[in-house]
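Listed in TrEMBL:
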- 1-66: domain 'CTCK' (DOMAIN)
- 4-58: disulfide bond (DISULFID)
- 8-60: disulfide bond (DISULFID)
């Protein structure tokens, strides 16, 4: 496996008790990786070694929820500079 992808339980809902939006944000990402080494063989018969990061396991990780309003403010500030 060399990629992670999928659906994680991200949501936003209004809380009557808190009188505000409650958000839970997660993203799919690698949980466990190892460095792998392979020997590559070219069409001309020459060989070389190559290493890469192999994903062993993917999972959902909590992340900061960014509201559309906060994103818009950040973009507006960037344009003014």
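Keep in mind that glycine also has a Cβ here, set from the backbone N, Cα and C atoms.
Looking at the domain 'CTCK' (1-66) alone, the prediction's average pLDDT is 91.
Other Cβ atoms within 10 Å of the Cβ of residue 58 (disulfide bond), summed over all protein chains shown, number 17.
Straight-line distance linking the Cα atoms of residue 8 (disulfide bond) and residue 58 (disulfide bond), rounded to a whole number, equals 11 Å.
In this structure, the C-alpha atom of residue 60 (disulfide bond) lies 10 angstrom from that of residue 4 (disulfide bond).
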